[in-house]
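What Swiss-Prot lists as (6S)-5,6,7,8-tetrahydrofolate binding site is L117, G121, H122, L123, E239, S349, P350, F351, and the listing cites sequence analysis. Residues or ranges marked as N6-(pyridoxal phosphate)lysine by Swiss-Prot on the basis of sequence analysis: K226. For H225, the entry in Swiss-Prot reads site 'Plays an important role in substrate specificity', with the evidence type sequence analysis.
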Amino acid sequence: MDHLKRQDEKVFAAIEAELGRQRSKIELIASENFVSEAVMEAQGSVLTNKYAEGYPGKRYYGGCEHVDVVEDIARDRVKEIFGAEHVNVQPHSGAQANMAVYFTILEQGDTVLGMNLSHGGHLTHGSPVNFSGVQYNFVEYGVDAESHRINYDDVLAKAKEHKPKLIVAGASAYPRVIDFKRFREIADEVGAYLMVDMAHIAGLVAAGLHPNPVPHAHFVTTTTHKTLRGPRGGMILCEEQFAKQIDKSIFPGIQGGPLMHVIAAKAVAFGEALQDDFKTYAQNIINNANRLAEGLQKEGLTLVSGGTDNHLILIDVRNLEITGKVAEHVLDEVGITVNKNTIPFETASPFVTSGVRIGTAAVTSRGFGLEDMDEIASLIAYTLKNHENEAALEEARKRVEALTSKFPMYTDL
């Protein structure tokens, strides 16, 4: 970044500081990952200069012959990975992908059945502070009070009672496998569309390690980062019958020109996801998550649903007599990055919470293995149990430094 360093020292310094943070801390935020240098090169390419409103072969600007190739590569690779009939890779985010689906099939005030945010859903699945909850009549389903797993009989009962036009499956903090086939059966029984938001598990689905929602859902949305390990962005997969409507909802419906440099980075990441070593990577994510969950439980920590089937773990910190906010802060102080998170049947404010959400996608990208999960579990428990003991926190910092020093990253930057 020689040009940036010479031209804008302040921005360069901030980026360098962030690189230092990523290198020196243990990244456990479940929605984050470390992309390859190839993905970063594509995103930092000259494609950032090109406007390309429209779609390949049907642009509103000239000079799009090369970016057309890039977008076609991205779309074709997604079809190969997930078996989708139609793909739109232009959404700038997962939220915009969800918005486009809503705009395609819903009218203002239509009833939608979505997962309660504190039970593991997402803001765009009907939260009253989000456009989705403002524009549409969302009815919530959740998890069982004892098992903390989705109660499909309750989903069916609510669907029969409220007759939604759309059912939304998928979550941002649900550590268990989702039965997409069952969701489609429920949707068919009440005459609803089914949309699956697979943002968190897309990489696991790509590797064949989580059931694929594409054969069951009318629409599938996802981000392109998280477990898929691409740049920050979104995409939509759908049945061919909805292709024109979905494309129109994205452009000109809710977006103008696509970010062609980001689409290039998406294409590179999708190419990586087609390789055999990506399947190994995804399996390691799950293995690490299971090992970490076991370690946390051995340390006496409480896990929502009692464990995990994917990359994600939700810790209930109430038995430690602290809040999620305190837990996030003290873990960050010793070099472990997590996020506070609501838990099912939450009683605390979303700014405080009773839980912490962690995930293994980023540490697995870095090369951490099973024995390292044992150390991370020990570190988390030790830090939370001694959150007011500065000597203990200093000891934890040293252990974090010793662990991260074993796994250098982005050494060419």
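Any Cβ shown, glycine's included, is placed from N, Cα and C.
Structure with Swiss-Prot features highlighted.
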residue	record	DSSP class
L117	(6S)-5,6,7,8-tetrahydrofolate binding site	helix
H122	(6S)-5,6,7,8-tetrahydrofolate binding site	coil
H225	site 'Plays an important role in substrate specificity'	coil
E239	(6S)-5,6,7,8-tetrahydrofolate binding site	coil
S349	(6S)-5,6,7,8-tetrahydrofolate binding site	coil
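A gap of 16 Å separates the Cα atoms of H122 ((6S)-5,6,7,8-tetrahydrofolate binding site) and H225 (site 'Plays an important role in substrate specificity'). E239 ((6S)-5,6,7,8-tetrahydrofolate binding site) and K226 (N6-(pyridoxal phosphate)lysine) have their C-alpha atoms 24 Å apart, to the nearest angstrom. Cα of F351 ((6S)-5,6,7,8-tetrahydrofolate binding site) to Cα of H225 (site 'Plays an important role in substrate specificity'): a distance of 25 Å. Taking only the Cα positions, the spacing between H225 (site 'Plays an important role in substrate specificity') and L123 ((6S)-5,6,7,8-tetrahydrofolate binding site) is 18 angstrom. Counting in whole angstrom, L123 ((6S)-5,6,7,8-tetrahydrofolate binding site) lies 17 from K226 (N6-(pyridoxal phosphate)lysine) by their C-alpha atoms.
Put simply, of the binding-site residues L117, G121, S349, P350, the one whose Cα is nearest the Cα of K226 (N6-(pyridoxal phosphate)lysine) is G121.
All chains included, 16 other C-beta atoms sit within 10 angstroms of the C-beta of L123 ((6S)-5,6,7,8-tetrahydrofolate binding site). With a cut-off of 8 Å between CB atoms and residues at least 6 apart in sequence, the same chain places L123, H125, G126, S127, T342 near L117 ((6S)-5,6,7,8-tetrahydrofolate binding site), listed in sequence order.
Neighbour list (S349 ((6S)-5,6,7,8-tetrahydrofolate binding site), Cβ cut-off 8 Å, at least 6 residues apart, same chain): empty. With a cut-off of 8 Å between CB atoms and residues at least 6 apart in sequence, the same chain places T342 near P350 ((6S)-5,6,7,8-tetrahydrofolate binding site), listed in sequence order.
Counting other Cβ atoms within 10 Å of each Cβ, the lowest count among the recorded positions H225, K226 belongs to H225.
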